[in-house]
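Feature list (source: TrEMBL):
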TRANSMEM  55-72  transmembrane segment
DOMAIN    55-129  domain 'Glycine transporter'
TRANSMEM  79-100  transmembrane segment
TRANSMEM  112-129  transmembrane segment
TRANSMEM  138-160  transmembrane segment
DOMAIN    140-213  domain 'Glycine transporter'
TRANSMEM  166-186  transmembrane segment
TRANSMEM  198-217  transmembrane segment
TRANSMEM  223-243  transmembrane segment
């Protein structure tokens, strides 16, 4: 992986170094369309892919929030419960990642757009849950896109923060899956991560492909697309064909002595 130069050309509207290209996604997602936390220009090139990823990131938050709100509907929670579970599902993974990397406050406290999206989705599901349930399979496909996106973006953010490649892969998985784990724990259900669904494995594969390509010097945009394609492809095949990981089956008639 190329070491970032000591000074990048952040004053101009373009940047020729690989470092600045690599950083442009974070500027696009977390700087609010090219503006810094205090309203100044970030000064880093925003590519067409960055703009697309910004919208996909918002869509991923919306899908994860919707899945959390649907769980809240099955638990017959009130509107506050819907918003809480939706926010936990949408932000849980990214929040834990930011805290582990020392990036405080977490991303959704730096930009109110994320909280507004999750809350709006939760309120919408509160009034339409009975209709969305009948289209749950479509939500599974949207969730697969969000899983692939968050796994790769989580790994990229970890690399930008200075994490080692193996840690970046794990933090990519955390970003994509921990929100669902927190949701299931709060709602007293077995987390999806611990069931036989091929879910975390897809996130792990996508994050690993992205990090490996970046370590080998592949440019950011192709690496992002390749990682997302691998994660989505694995999850899509699992949904389409009903594949799952082997689960433990207890043997009948086995007695365990009391201790």
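Backbone N, Cα and C define each Cβ position, glycine as well.
Note on the transmembrane segment (55-72): residues 29, 81-82, 84-91, 113-114, 117-118, 121-122, 125-126, 129, 132-133, 136, 139, 142-143, 145-146, 149-150, 153, 179-180, 183-184, 187, 189 of its chain, located 6 or more positions outside it, place their CB under 8 angstroms from a CB of the stretch. Within its own chain, the transmembrane segment (198-217) is flanked in space by residues 1-2, 22, 144, 147-148, 150-152, 154-156, 159, 165, 168-170, 172-173, 176-177, 192, 223-224, 226-232, 234-235, 238, 243-245, which lie at least six positions past its ends and keep a Cβ under 8 Å from the stretch.
With pairs at least 6 apart in sequence, the transmembrane segment (223-243) and the transmembrane segment (79-100) have fewer than 3 Cβ pairs within the 8 Å limit; the two do not touch. Confidence over the domain 'Glycine transporter' (55-129), given as mean pLDDT on the 0 to 100 scale, stands at 91. Within the chain carrying the transmembrane segment (166-186), a Cβ under 8 angstroms from the stretch's Cβ atoms is held by residues 64, 67-68, 71, 85, 88-94, 96-97, 100-101, 146-148, 150-159, 192-193, 199-200, 203-204, 206-208, 210-211, 231, all 6 or more beyond its ends.
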